[in-house]
Amino acid sequence: MGEKSSQLKTLLKKNLLLKSKSKCGICCEIVFPIIIVLLVFAILVLVQLFKPNYDLIKTTQFSNRINENNIIIYGGKAGSLNVEQKGVIDMMKFQLSNELNKSISEVDVYFKEINDKSEMENYFQINSTQVFGGIWFESNQLSSVANTTNTNTTTNSFKYSIRLDSNSVLDSNKVKDNGIDSSDYLTKNWAYIQIAMDQAIFGYFGLDYKLVINGQRYPDPYVELWQKWINGRESVFKSAGSVFVSAALLIFTFRLVTELVVEKETKIREGMSIMGLNQYCYFISWIITSLVTALPIDLIIIVILKGSQVIHSTSWIIVIVTLILYLLTLQLLAFIFSMFFDKSKFAGLLTFLTILLINICGIFIGEYEIINIHIKLLLCCIFSPIGIACSFYIMSIRDIPDTISTINLNQVISEKQIIGTFVFNIIFYTFLIWYLDKIVKTEYGTKEPWYFLFTKRYWTVGAGKINKKNKNKEYNYNDIESTIQNNNNDNIEMVPIEVRNKTTISIRNLRKEFKTGDGLRIAVNDLNLDMFDGQIHGLLGPNGSGKSTTISMLTGLLSPTSGTAFILGNDITYQMNEIRKCTGVCLQTDIIWNQLTVLEHLEIYASLKGITNKKQIKSESLKMANEIDLGEKLHTPAGSLSGGQKRKLCLGIAFIGRSTIIFLDEVSSGMDPSSRRKVWDFLLSHKKGKTIILTTHYLDEADYLSDRISIISHGKLITDGSSLFLKNKYGVGYLLTCSKSLNTIDQFNVDQVTQFIRDQIPDVTVLSNAGSEISFRLPTASLPVFSKFFKDFDENLSNFHIDSYGISVTTLEEVFLKIGTDIDTDALSIADGNGNDDELKRSIGVSSTGIKSKQQLKALLIKRVKTSSKDFKAFLLSLLLPLLVIIGSIIVFKEVDNEVIFYNNSTEPLTFSLLQQYGKNDIVPIQLAGTTSEFDFNKFLSNSPYFNQFQYLNNSINFNQYLINNYKQSSGSINFTIPLSSSLINNTTKVISYNSLFNFNYIHSWPVHVNLINDALLRNHNGIGIECTSLPFDHILTSFQKASQGMNIQSIVYFIVIMMAGFSLMAGSFAGSISQERTNRIKRLLYISGCKKYIYWVSNLLWDYFFAFILLLITCIILAIVDDKFNDQFGLFFLSLVLFSLSIIPLSYLFSFKFSSFGKSTGAITAIHFSIGVIMTIAMIILRIEVIIKNSSSLENIADIIDIVFNILSPLYAFSRVIFIISGFPGSLRLGALKIDDYWSLHYASTPIIILSVHVVVWTIFILLIDYSPEFKGYLRNPKTILPPPPPIDEDSDVSAERIRLESMSPIPSTDQGSGGGGDMLQYKGLHKLFIGKGKNPNKNAVYNSTLGIPQGQTFGLLGLNGAGKTTTVSMLAGDILPTSGQITINGHDLVTDRAQALRGVSVCPQFDALITLLTAREQLSLYCAIKGVPDDKISLVVEAFIKMMDLGKIANSNTGGYSGGNKRKVSLSIAMLGNPSVVLIDEASSGCDPIIRYRQCQVISELGKNKVIILTSHSMSEIQALCSRMTIMRDGQFKCLGSTQHIKSKFGAGYSVEVKFKKSCLEVGIPQSLQCVLECFPNATILDQHDLMASLELPNPPENPIKVSEIFNILSTELSSILDDYSVSQTSLEQVFLKLTGATHEDRLNLNNQQQQQQTIPNSD
């Protein structure tokens, strides 16, 4: 438990460090949720801002509103008015004349009698602007009204109807409406007509009083804070609250999913697992880490929601528990979603959107009462986002008193039930995480079948239970010895007893089988092998030999099919957890976090591996950092380290802590020889007490480091033993390399020399005779005669015209190749056949007949066809997903096709009766003014039929407070402002004044209660009441309403916005593939290979246009079928879509230059297009509607100008503009127009069409200009006119001689440098490249004033440390970057001024594998054949020839994305050699390749380079020696030497290397004493290494006292024969020369060079 606790703390520290380093991420986690919550409150506050007017609404006199242009029309159903009706109208005229102080005749013009209902309606339709209102009398007699006081009696009432435009009154079909009150009756003409009519009726029936009636909304009853949110809670929070809260919390889920998938993607989690990571600790650590920021934010959200009382009734504890549990379920969902992603680019986004979509579905599930509550609970148990939606719904409705009564609580889940589902969610999700982690397949690791829980094996053997059969099995270290003896296997070297007793790893009959489409494949075939403590064990083999599979089984990533292995006594089949506690690993992938520093990495892994003391962690980390040569980089983020430094950090991670079993997979990959040497020293110094398993493709590394070496092929152990054992067993002898004398090279006789050697060594073989060097192979069996032979050879050197010679022993690489080709006879036959098959040679040698645009275009289109067909996801994203979105927009457009009415068009009559409107239970509170109010109440209102519903309030009662406290009981109330007694009895005021207060949502309250009181007052006077009815006219449409009639404006807007989203997604996905090709350098390789830049863009445009055309054609056809407007304007819509596609795609390409991945590019470009387009579109919609509403031509002119600007800024906006025009959106019409007569006019579609055409041209030209900018810069700036800095003062003599030769333009002499004669096919003079530093970074001379000429047929090698200038040189020669100064000439053409001709015959194999992962090797080679201009009829032959030569036949039809690194390099090299180029630039061709592949590559390069110039850069010394007739070593951009390999070794070499193996008898006297005997024979020797019976020494060979090879062999074979079992001698290697010449740069050299540069740049004062 203590160990798990320690791991948990370590992982928490790591996670928190990562979180703290991501300042942007922390800001997002804090700011994003706050913004979301603030957005919720902004909406809620916005809803509250639109609160109604609570002030008193006063009505003015009728006379102030009516005039000759604003008349009253009146009439009756009977054709004429009866006496009472005519009397009332006359009374109205009379009262109006008194108010206006005019005569009756003058006032009469304000009235017009129309006694036909239809005629009145027609008149209103024609003259609506001149009609104040209408009055209609339906009956010629007084109507009867039932008396609610006494139901057996009826009373007479005077009936009339007021007629206004239906949009000036409220909907007669509704009694209540949320958010609407009676104020419209007061603000429009209704109140004036009703008051005037009632006043006229009063006057006619003898009650001559002026009516002053005002209106006021009920005082706001929501006085408490929680009540103030009711409107927002009802309209927003009830439904969308959970969405906002989920979105705020999902930022943490987004980040967590991304982090989890990134660690899976980068194999960091895999590496930690191998080194003992507990998976439960891993998951818990990430949950805690996420909660560190998520929980405080969650609590802040809770405090805001409860503190603001948006959530009021639900208790604090319920809200806290609900949201905390929900947050925890979201974190668990993050783990579940992360299981299904291998790449991080879409993981977080898709998780975010999916959970949010589930939450939105939960809104409908929670609110729909038709869904059974048990089904709701079940869904909540499965999906917690549904639960939170239901929770917010019930919390909200509890705080909406008017709503709760209408909800069936039996169909609503309670908060406590939801908490219960959350608890279940947590348990269920935890189980699901555990279950999915066991069954979901990943790239590495063993997984169970989905049904594993139902198997007997799992419950008896799995789940951590020990297999008793295996537990009782004792492994025997002597098994392998017995196997060897029984099989007489002399390929395995016996292990001494004292070493055998230190066995730490014992592999027994280990076997792994894989089921493939081709049947069963055996990756490891009954392997038996032992490894020992204190040793480095090299595990070698060609690609696919089973090395990685074996290591995967030893580390627990794979389970064996049969057999087992024991590591420190623990069985890998059931004790892997124990094994991993002592395991360290350095995978091929760098398992590091870019944000963390070197020191933080080491401290984390030290703690993870069991070191608990903080001081010890610190000291161990510092010590390790210094030992791996990163002491000066302690606080440098790992992402800023070079590739080699990252490998060193991974090495330190593997060794730090308690690791005793170390697996190193390609630990020195990507390092230069100097860095590799330092790593070797580190490994040798740390191997004590450890077992190190080393895999590498550098055989010299395995040779130098490994105590024992195992070579595996096809899953079987081929041989196992020390390096010397393998060399003696499989060695092919010594290599003798002789340098011919320069002055007498033409007198050299190869037959004479060969015969001399053959006389003493009969089996000698001539390997090569090229230029100034000749090489011989001397068999190992002739070792006893070497002493005499070399003595005789030394005496005859001058006779043979040989200046010097070198001797080297069989290398481990040669052993490896011999073993590999012995096993793989097919490979051997292919390799040997490459040079002899004439037909193969002819096919490979097919030359380019010239680059053809048509051929390139066809090839690039075929490439797009194949990649698109193989990548269904990209196809789905680029075509189907946008199509679905667009179809969705059309569905919205047509499914919501019913016209949305933004005005009231109800013309049903409505009688304003309290009984009819609000029933018998509605109470009418009434408060009268004056001291006699109660008397007045009983006297003057008791005759009302609704008197029983009146509620008298005396003056001591606070009227407003009463209404607030009892607002649910009444629809309206009355407050008299003048005592009725003074008005009706004393006749002192002649005014009846009261305020009619209307309750909110009761839309007809004001006219109902005015009619109620006026009816009561009149009845009290003479028993006659008043009945008022609303009889609306048909609505007269405004210009905007006419324009929008018959259409759903909302659906048009939604349709266009969603369609814009679809086409934005289309454009973004197309740009994603361009961004990906640029990031993966595919485009660069195409350009280097001769692809014309405009052809590249044309091919992409044509392909994307093709898909876009399909999309737009489907869109046009569907819209034409479902909508007549689009059918009528099909041509316009189709043209706009075509132009839009032609413009948006190149614009998206332009945006793609700023993004580095498909996911980022697609998402960002989609967002850019959509956001810009939508913002502009919505802004213009609002502006155009304002134009029509205000009928402003000046505003229309401004809109036109803005419209043009928007069209120019965004093609998407221009396209949307055309859609608006075609759809007939009212905002698209010109002022005064009811329809569009000419869609093609400039005021309509022509303007966006023309601008879209301009977009097409501009953006297409723009992307070409950007890509052709290097050419333009080259034409404007010629590097030949810029002087390079002067040559270094200490320049090597051979380098100076080459500079002088080229400057004099003399032909190349035949020299010892192997340059041969004839003219140079490639030469550069004064080549210099200075990179200008940015900020504080200094300028850097990448290449410093280099001069070189290379003739046809020569392979030239470039060596140097990382950053020496090799790749920069190759890039300048390839025309990829421009030199700062100097001249490059290729085949007589200047690279700058005659670029096309110079690069015509140049081909490049770049350092990177810029392969199209979705194409096979065959498809890839066919593509580049066409790019390079190979004739179409020859392409198939050429491709097949290269596939055969490179041994790619078995995988030629598989996508290159699945190839190993070596096979990818073979394809890249083949691409470079296609078309028989005259100059081939090969940059690190063998990087990541095993020796067999390197051997095959060397054969290909050697065979094909006979008539070419080849420049080769490499970190492999053996590769340079095998291929290059001339070479140089670069340091700080300068040539440090120049010549053949033997010339350079002779000139700069330090002597000879001697490797000896002592006899076992030496153990008795001690190895140190035996070593002392060797040193006495070689006094100047230095011991380089000693382990077991092996020792390596270096013998200096000073020029003043040279040592002869014959003397060395003589001493070894005579004086030391008694103590030596075996020995080997070789000249100082090229690698040692390399290390010598690439030592640290001296400060004085840098200062001197800087001074020379300054002197060169200072102008002459003369």
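Numbering starts at 1 and runs along the chain as it is shown here.
Even glycines carry a Cβ here, placed using N, Cα and C.
These come from Swiss-Prot:
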- 30-50: transmembrane segment (TRANSMEM)
- 242-262: transmembrane segment (TRANSMEM)
- 317-337: transmembrane segment (TRANSMEM)
- 346-366: transmembrane segment (TRANSMEM)
- 377-397: transmembrane segment (TRANSMEM)
- 417-437: transmembrane segment (TRANSMEM)
- 505-739: domain 'ABC transporter 1' (DOMAIN)
- Gly541, Pro542, Asn543, Gly544, Ser545, Gly546, Lys547, Ser548: ATP 1 binding site (BINDING)
- 872-892: transmembrane segment (TRANSMEM)
- 1052-1072: transmembrane segment (TRANSMEM)
- 1102-1122: transmembrane segment (TRANSMEM)
- 1130-1150: transmembrane segment (TRANSMEM)
- 1163-1183: transmembrane segment (TRANSMEM)
- 1246-1266: transmembrane segment (TRANSMEM)
- 1322-1557: domain 'ABC transporter 2' (DOMAIN)
- Gly1360, Leu1361, Asn1362, Gly1363, Ala1364, Gly1365, Lys1366, Thr1367: ATP 2 binding site (BINDING)
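Sequence-distant contacts of Lys547 (ATP 1 binding site), defined by Cβ-Cβ distance under 8 angstroms and a gap of at least six in the same chain, are Leu539, Leu540, Gly541, Thr695, Ile712. Counted over residue pairs 6 or more apart, the CB atoms of the transmembrane segment (317-337) and the transmembrane segment (377-397) come under 8 Å in at least three pairs, which marks the two as touching.
Neighbour counts of Cβ atoms within 10 Å were taken for the binding-site residues Ser548, Asn1362; the minimum is at Asn1362. In this structure, Gly1360 (ATP 2 binding site) is part of a beta strand by DSSP. Listed in chain order, the residues near the ATP 1 site other than Gly541, Pro542, Asn543, Gly544, Ser545, Gly546, Lys547, Ser548 are Thr549, Ile712, Ser713, Asp1490, each with its Cβ within 8 Å of the site Cβ centroid. Same-chain residues with CB within 8 A of the center of the Gly1360, Leu1361, Asn1362, Gly1363, Ala1364, Gly1365, Lys1366, Thr1367 CB atoms, the ATP 2 site residues themselves not counted, are Asp672, Thr1368, Met1530. Just so you know, of the binding-site residues Gly541, Pro542, Gly544, Gly1363, the Cβ with the fewest other Cβ atoms around it within 10 Å is the one at Gly1363. Residues 279, 283, 318, 321-322, 325-326, 328-329, 332-333, 335-336, 339, 377, 380-382, 384, 387-388, 390-391, 394, 453 of the same chain lie 6 or more positions beyond the ends of the transmembrane segment (417-437) yet place their CB under 8 Å from a CB of it. Scored on C-beta pairs under 8 angstroms, the neighbour of the transmembrane segment (1052-1072) with the top count among 377-397, 1102-1122, 1130-1150 is 1130-1150. The two recorded residues Gly1363 (ATP 2 binding site) and Ser548 (ATP 1 binding site) have their Cα atoms spaced 31 Å from each other.
If you look at the transmembrane segment (1130-1150), the same-chain residues 6 or more away from its ends with a CB under 8 A from one of its CBs are 1063, 1067-1068, 1070-1071, 1074, 1097, 1100-1101, 1104-1105, 1108-1109, 1112, 1115-1116, 1119-1120, 1165, 1169, 1211-1212, 1214-1215, 1218-1219, 1222, 1239-1240, 1245, 1248-1249, 1252-1253, 1255-1256, 1259-1260, 1262-1263, 1266.
When the neighbouring Cβ atoms lying within 10 Å are counted for each of the binding-site residues (Asn543, Ser545, Thr1367), the highest count belongs to Ser545. Contacts of Gly1360 (ATP 2 binding site) defined by a Cβ separation under 8 A and a same-chain sequence distance of 6+ are given as Asp672, Lys1366, Thr1513, Ile1529, Met1530, Arg1531, Thr1638, in order along the sequence. Here the Cα atom of Ser545 (ATP 1 binding site) is found 32 Å from that of Thr1367 (ATP 2 binding site). Beyond the ends of the transmembrane segment (377-397), by six or more residues, the same chain brings 233-234, 237-239, 241-243, 245-246, 311, 313-314, 319, 322, 326, 329-330, 333, 355-356, 358-363, 365-367, 403-404, 407, 412-415, 417-418, 421-422, 424-425, 428-429 to within a C-beta distance below 8 angstroms of the stretch. Taking Cβ pairs closer than 8 Å, the transmembrane segment (1163-1183) reaches residues 349, 1053, 1056-1057, 1060-1061, 1063-1065, 1067-1069, 1071-1072, 1144, 1148, 1151-1152, 1155, 1195, 1198-1199, 1202-1203, 1206, 1209-1210, 1212-1213, 1216-1217, 1220, 1225, 1227 in its own chain, all 6 or more past its ends. DSSP classifies Ser545 (ATP 1 binding site) as coil under the three-state reduction.
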